[in-house]
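*Asks:* The structure's right below; bear with me while I get my questions together.
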Amino acid sequence: MNLWLRCHQSVRASQFPTTHSGLGKFKDKLKLCWNPQCKVAIVMCRGPSPDVGSRHGQHSMILVPMDTPGVKRVRPLTVFGQDDAVHGGHFEVHFENVRVPACNMILGEGRGFEIAQGRLGPGRLHHCMRAVGLAEFALELLCQRAATRQTFGKKLYQHEVVAHWIAECRLMIEQTRLLTLHAAQALDTVGSRAARKQIAMIKVAAARMACKVVDCAIQVYGGAGVSGDFPLAQMYSYVRTLRIADGPDEVHLSSIAHLELRDQLKKTQAKL
């Protein structure tokens, strides 16, 4: 198959610029960012007739070994100005006149979104589980600092504002933990598609919660909190990035609103 790609990091299903003609190989010109430093890239492309059929049945996933001629790692990227190697390493990668055999297409033509959606639900839930664990560690660090550091003649935790931060952080963590368990139960019982509202809810809530808890911990540590002496700055860069990764908060909020309105209108119509 022949494939021409342009630089698009985040696009809607109907906006994929990539097309292929099904001739046995694919050829591309592409510049991508935020690709992990791995041995094989997965390229998602759109079929030759984007106006025909379901918009989610037009896309395919193709395996591209990173040592294929025409694939070039250009430069390592950073997160908040720091080396991204701690997150697995991300590079800007250029593809130009790359060819791979048609057998590198995963599952078959038009099944790209099926593959993606199969992992997105559980993947987002895993992110949320990690966010809860990270927030627990941040609160532990906060309490250690509050119990040992003194200002104005008393321990930090004895200042009411810090005591309230500790209480609020515990509330947020427990609320998020329960919402995570609820989303996991829905995923197990009804599947990713039927549980997409619960998954979207926890994806937004967990990242927001973890950001807030880590931010409180940084504030208690003062300048040390943003230094390399403690893990809080690195933790914050991770959880802040989580508000963008696997769909930004705004996209998930729009999905939640749409699904909530659908559910509410169903109840209203049932009463009429």
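The backbone N, Cα and C atoms fix where each Cβ goes, and this holds for glycine too.
Curation does not apply to TrEMBL; its annotations are automatic.
Here the structure is a predicted model, which means the values were calculated and not measured.
According to TrEMBL, the protein has these features:
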| type | residues | note |
| --- | --- | --- |
| DOMAIN | 110-257 | domain 'Acyl-CoA dehydrogenase/oxidase C-terminal' |
*Asks:* Count the residues of the domain 'Acyl-CoA dehydrogenase/oxidase C-terminal' (110-257) that DSSP assigns to helix (H, G, I), to strand (E, B) and to coil, and report the three numbers in that order.
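*Replies:* Counts, helix then strand then coil: 126 helix, 4 strand, 18 coil.
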*Asks:* Give, as a single whole number between 0 and 100, the mean pLDDT over the domain 'Acyl-CoA dehydrogenase/oxidase C-terminal' (110-257).
*Replies:* 94
